[in-house]
Amino acid sequence: MALNVVILAAGKGTRMRSDLPKVLHPIAHKSMVQHVIDTAHKVGSDAIQLVYGYGADKLQASLGEQQLNWVLQAEQLGTGHAVAQASPHIADNDTVLILYGDVPLIQQSTLEALLAALPENGVAILTVNLADPMGYGRIVRTPCKGQEQGKVVGIIEQKDATAEQLLINEINTGIMAVPGKQLKIWLSRLSNNNAQGEYYLTDIIAMAHADGVAIDTAQPQSAIEVEGANNRVQLAQLERAYQAREAEKLMLAGANLRDPSRIDIRGDVTVGMDVMIDINVIFEGKVTLGNNVTIGAGAILIDCEIADNAEIKPYSIIEGAKLGVAASAGPFARLRPGAELKQDAHIGNFVEVKKAVIGVGSKAGHLAYLGDAVIGDGVNIGAGTITCNYDGANKHLTVIEDNVFVGSDTQLVAPVTISKGATLGAGSTITRDVGENELVITRVKQKHLTGWQRPVKIKK
């Protein structure tokens, strides 16, 4: 039996006040609908039907390369009508899981619990109990005694509910699992004879009860999982909830967060033990932190690997880079893609490294640019040093071998190799290879002019 996931994503989202389709608004730098798609994959979906409407070009530009079956809902006539558009792509023996593109925080474990609750040839719906259920469809059950729950007999929408039904605090989330054959039959029976004039997907629950089909329920661990975002205030609330959840995962994995409410996780972060993360740190993409790593305030880490005992000092940007054991960068350092710091290497403030390897114990303390370079072990790079790697058309490599000392304000015009043990005098411009243990100085000879007078300001 295949798992066929239907994701409803046709709404415009008028209250967002945006040209962007509602489901493309981001949580943690990823669109809401992408979160839902990713979770659908995690539960083992065999096919995903994406029901779309408004903003088709933008949706396809964002999601087009993925394995999705695009299903057009030309008119938005309700959730039942939306799912009905996907009917031709649903086999009788499919299990159909219905999700919503603007409910991004739904968890894999919750959907697995829902599918586990699915009776044979029956229906499983995801419900939640709210202290204030205003605006939501209510779960109607048969009367029962004591603490036992009655059987689900239907779902009544807020606008169609009686005064007694409005007292029910178990609400419908809209998420459900349904056998494909029965779903198609029930969808064909839907009517829009209701206060909204829409085809409610929820009406199939009453049909299932009338047909004698078993209906079971499951509930999420937290109600926030099933909340949607209809405006930017709600979007921000979901963002904070997502960040709180991700911060908790890091702490449980061994990270110490100086303030869990001041961290942004916009990707997948893996941490070792005794990691220290200061405030206002941003993680994007895939980031791995080893044991005893320290991340300073305001740092930004993007798609990088940080080994044990390494330190990222405040306000550094580390992107597509690797730091070895006990290496350090910052404060205010920038490591661009292809940068690699070996064990005990140090990159200091206002140093930029791009597509360069910095060897064991080597240091560039301040105010340097190191691009397209291979730097050996035990090298000292003086302040103001630049690898001149670009000739206006092509990039060229600078090689600095072990134990080289580069004086301040040195320009290395690539391609060039500085051999082991060489010393480059401050202010030099190096255009040719340097041999082992050589001292090279290219600056202009110093002149002393006696009797020279400094200009004075002319009084007007």
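Numbers run from 1 along the shown chain.
Yeah, the Cβs are placed from backbone N, Cα and C, and that goes for glycine too.
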Candidate sharing the acetyl-CoA site with Asn389, Tyr390, Ser408, Ala426, Arg443 (per Swiss-Prot), from Ala368, Ala383: Ala383
Residues from the same chain, set at least six apart from the ends of the region 'Linker' (233-253), whose C-beta lies under 8 A from its own: 16, 25, 27-28, 104-105, 224, 227, 260-261, 263-265, 269-271, 275, 277
Separation of alpha carbons, Tyr390 (acetyl-CoA binding site) and His366 (active site, proton acceptor) (Å): 22
Secondary structure tally of the region 'Linker' (233-253) (DSSP, helix then strand then coil): 21 helix, 0 strand, 0 coil
Largest separation between Cα atoms (Å) of residues that the record links to acetyl-CoA, namely Ala383, Asn389, Tyr390, Ser408, Ala426, Arg443: 22
Rounded Cα separation (Å) that holds between Asn230 (Mg(2+) binding site) and Arg443 (acetyl-CoA binding site): 65
